[in-house]
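For reference, the structure I am asking about is given below.
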Amino acid sequence: MQKTVMKNLQTLNVLPILALATLFIRISGSTSLRLLLTGPDMAYLGSRVTFWCTAIDSSPPVTYELIGDGGVLIGTDIDLEGDRGARFVLKVTATSEGSYHCTAAAGGSTGVSNSIKLTVVTPASNTRVTSEPFPPVAYEGSGFVLNCTTKGSHLSYTWFFNRKEVTSNTSPAFQLSGNKLVMGNVTFEHAGSYYCMATSRVQDTERFSNSAPVQLTVKVNISKPRISFSISKEGASYHGNVTCWSTRGSPPVNFSLSLDDREVGSVTATESLTAWFPVDMVPGLDMGEARCRVTTEVQELMSDPVTLVVVPVGGKVKMEVDYLYRADSELAAARLTCQVSRGTFPYVSWLFNNSVLPSETHVDSHIQPALSQYAVADHRRTLFLAKLGPEESGYYRCKARDSYDDSGPWVESPDMLVRVTDRYHNSMPPATPSTETPQNAPKTTIEAIAIAFCCFLLLTLAACVGCVYTMFDHEQAHAPVATTNPSLDALPLSSPQSQSEGNPADTSSTDSSVQNQVYRPAKHVTTLHRKENNRYNIIYR
């Protein structure tokens with residue numbers, strides 16, 4: 001009985017060992033299959049992908065299973081021939097992304113393949129550009145950011161400025177950062193059209209989506225405003241007008257006018273950088289101090305103050321002439337300037353030999369060509385004689401009156417004679433007022449300097465000759481007897497009279513003077529007395 005019990009216990013102890021051995025044998029047989037899984041690692045959402053699972057050196061039939069993440073069975077396929085493998089076709093959805101592997105069983109053997117991680121790529125769609133700030137308007141010197149927003153995954157971004165691709169070398173102001181285009185210091189050159197393109201790539205297939213273009217407007221900072229005023233006359237009443245303007249900037253801007261620190265008007269300029277304000281004005285009266293203020297979204301500037309005083313034209317009028325020469329010292333033109341001693345708004349008229357020139361107009365421009373040989377500038381205060389010749393020689397003068405009063409009195413300058421002849425084209429023609437000496441001498445040329453130097457040399461030479469002659473005259477005066485010069489030709493000369501001969505009343509004084517002196521040399525008069533044989537005695541007195 002005890003022996004029987006012992007045998008049963010031994011049998012029970014051996015059974016687990018036999019079970020483990022059997023399991024080991026089965027496991028060893030299942031790993032004998034070698035499997036290979038092939039397929040894509042990226043796929044577009046909505047596309048179809050194919051996985052192939054192949055058992056190497058297996059005996060048919062072979063049963064294949066495709067398993068996804070979490071052990072989810074995707075599909076089953078049986079290869080009855082043993083050399084085809086299994087083909088699994090999947091439609092890619094948002095949940096298709098993950099790892100895949102396959103298993104196979106054949107003739108009591110099993111196998112597990114390698115894993116493939118599938119990435120689902122969503123193509124770009126609904127691409128558009130947004131700006132910071134919005135709307136896309138920036139001022140010079142400010143920062144600006146453009147964003148390329150789209151739906152999709154695994155995207156790259158490309159920016160275009162005026163249909164040209166933006167790269168890191170396009171401009172130092174452009175910085176590419178992901179889906180952003182950053183501009184740190186906007187200038188007027190950055191104004192234009194921008195759009196972005198979002199691109200995805202799966203193997204050799206690219207899909208892209210373009211945004212609609214966005215127009216970036218770069219506003220120019222407004223410059224300091226300027227102020228001016230004018231006056232007009234209607235009947236017996238006067239009307240003033242103040243103009244505020246800026247030379248640089250981007251509208252719209254707001255202009256306001258203050259008079260003695262009190263705002264009297266405001267206007268928004270939407271198409272220009274100029275605004276006008278009507279004001280009360282009377283000639284000769286101080287109407288106050290006016291200033292312009294210009295305001296934009298980011299700026300506020302004030303003009304310099306100006307006093308609203310209209311001084312009537314009056315006082316003296318003076319005209320000056322300058323001659324203009326080319327580089328080769330050839331006379332090119334003459335410039336006549338009319339200077340009015342007082343008057344805020346003078347209207348200047350020019351006259352040549354009492355005829356008005358050029359044709360009278362009220363065009364108050366900076367420069368106004370009238371005729372081919374004449375041109376006026378500086379609001380008619382300057383007259384240019386572009387053609388110089390004898391026909392342009394004559395008397396010139398200017399006159400002035402208030403430009404706002406056509407019936408106002410004139411004040412005139414004296415006539416000035418301007419002589420231009422052919423021989424003056426290489427020298428300096430004179431310009432002389434009819435009643436006074438010239439105020440400004442013409443410009444000195446090289447030729448004039450040379451002529452003046454020659455004249456100086458001649459004068460020096462003449463002075464030297466005069467000194468020698470005086471010394472010789474002094475020696476002859478000491479001779480006690482008059483000398484005779486036989487070499488003189490017989491000429492009918494008359495005896496010039498000395499100052500004492502022309503004035504008999506001075507004879508006595510001369511005689512007394514002679515008595516008080518031992519000798520006095522003759523100074524001025526030399527008399528020739530005719531002698532016989534055509535000879536002359538030279539007597540010095």
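Glycine is treated like the rest: Cβ placed from N, Cα and C.
The feature compositional bias 'Polar residues' is assigned by TrEMBL to 494-518. Taken from TrEMBL, the feature domain 'Ig-like' covers 16-119, 123-215, 305-403. Taken from TrEMBL, the feature region 'Disordered' applies to 488-522. If you look up TrEMBL, you'll see 448-472 marked as transmembrane segment.
I'd like to know what surrounds each of these features in this structure.
Over the domain 'Ig-like' (123-215) the predicted model carries a mean pLDDT of 89.
Mapped onto DSSP helix, strand and coil, the domain 'Ig-like' (305-403) counts 3 helix, 58 strand, 38 coil.
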So how many of the residues in the domain 'Ig-like' (16-119) end up helix, strand or coil by DSSP?
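Across the domain 'Ig-like' (16-119), the residues distribute as 18 helix, 53 strand, 33 coil.
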Within the domain 'Ig-like' (123-215), count helix residues (DSSP H, G, I), strand residues (E, B) and coil residues, in that order.
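DSSP composition of the domain 'Ig-like' (123-215): 3 helix, 54 strand, 36 coil.
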